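Please read the structure below before turning to the comments.
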Amino acid sequence: MSSPKDAIYSKPAEQVSDFRFDENVAEVFPDMIQRSVPGYSTIVDAIGQMAGRYAEADSHLYDLGCSLGAVSLAISRYVQTPGCKIIAVDNSPAMIERCERHLQAFKSPVPIQVLCEDLQQVPISNASMVVMNFTLQFIQPEQRGAILKKIYQGLKPGGVLILSEKIRHPSEQGNTLLVDLHHEFKRRNGYSELEISQKRSALENVMLTDSFAEHEQRLHQAGFSDIVLWFKCFNFASMVAIK
Ligand SMILES: C[S@@+](CC[C@H](N)C(=O)[O-])C[C@H]1O[C@@H](n2cnc3c(N)ncnc32)[C@H](O)[C@@H]1O
Ligand SMILES: O=C(O)C(=O)C[C@]1(C(=O)O)C=C[C@@H](O)C=C1
């Protein structure tokens with residue numbers, strides 16, 4: 001997916017407002033996420049590969065917080081199991097409108113149902129895989145446990161949740177190292193100091209990160225038996241939680 005360049009935070013703002021997945025963000029989103037999340041393409045492609053491995057016949061695969069549908073498309077590239085259906089959910093109308101256009105253009109061999117809804121309202125059933133690729137971090141911390149429990153209950157035995165998140169390292173010095181490495185990654189991708197600091201302020205109240213240990217504990221509490229950290233670069237991680 002090519003997209004216009006993200007310049008949302010390039011001009012000084014008197015007051016930086018909270019980050020929202022609105023029209024402006026949706027318009028530049030492929031460029032923004034590619035230049036902001038280390039390993040994004042690798043993660044998305046590997047999720048597709050894992051879908052090929054875990055998809056069971058006649059089951060559902062969920063892409064919760066699908067944005068423009070990158071994960072759904074990766075899944076559709078790898079799944080050849082008969083009777084599978086992908087259910088892609090996002091509560092941002094700007095994202096969903098573009099997601100539907102993208103998916104129509106790519107003509108997925110696996111049926112994809114696109115829902116503009118709060119993922120907390122969407123029932124999860126008969127699932128062999130559920131993906132939350134950088135989505136849980138935007139949900140209020142006190143609501144995260146209930147979402148994971150609902151996902152666990154909707155998964156088939158042996159089914160998996162793939163959870164990718166920006167994470168916080170528990171010690172201050174360690175966290176500062178990871179944040180600095182991430183900011184250098186952004187600089188090398190063409191973001192200015194102003195863009196980096198304004199985006200950081202915009203995310204401050206809306207993206208509340210947990211440590212890996214907190215994720216692991218919450219996933220165990222939801223019922224998952226095995227949590228595999230399969231990707232980590234700086235303060236970005238992706239886990240597979242197996243039922
Ligand atoms: C960082 S983006 C996800 C990126 C996407 N999964 C990908 O791999 O390209 C987070 C998405 O989660 C969506 N989101 C946040 N809270 C949500 C909720 N409660 N229900 C549904 N979608 C939500 C946002 O609208 C946004 O599109
Ligand atoms: O931490 C940052 O600076 C980010 O830009 C991260 C992040 C994310 O992890 O989702 C935040 C918002 C955008 O959706 C793209 C990337």
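The backbone N, Cα and C atoms fix where each Cβ goes, glycine too.
TrEMBL: automatically predicted annotations, no manual curation.
Among the features that TrEMBL reports, S-adenosyl-L-methionine binding site is placed at Tyr40, Gly65, Cys66, Ser67, Asp90, Asn91, Asp118, Leu119, Asn133, Arg200. In the three-state DSSP scheme, Tyr40 (S-adenosyl-L-methionine binding site) falls into the helix class. Here Tyr40 (S-adenosyl-L-methionine binding site) comes close to Ile33, Gln34: these same-chain residues lie at least six apart in sequence, with C-beta atoms under 8 angstroms from its C-beta.
Per-residue confidence over the domain 'Methyltransferase' (63-159) averages 97 (mean pLDDT, predicted model). Summarising the annotation, TrEMBL assigns domain 'Methyltransferase' to 63-159.
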Where the C-beta lies under 6 angstroms from ligand 1, the matching binding-site residues among Tyr40, Asp90, Asp118, Asn133: Asp90, Asp118, Asn133
Maximal Cα-Cα distance (Å) across residues annotated as binding S-adenosyl-L-methionine, namely Tyr40, Gly65, Cys66, Ser67, Asp90, Asn91, Asp118, Leu119, Asn133, Arg200: 25
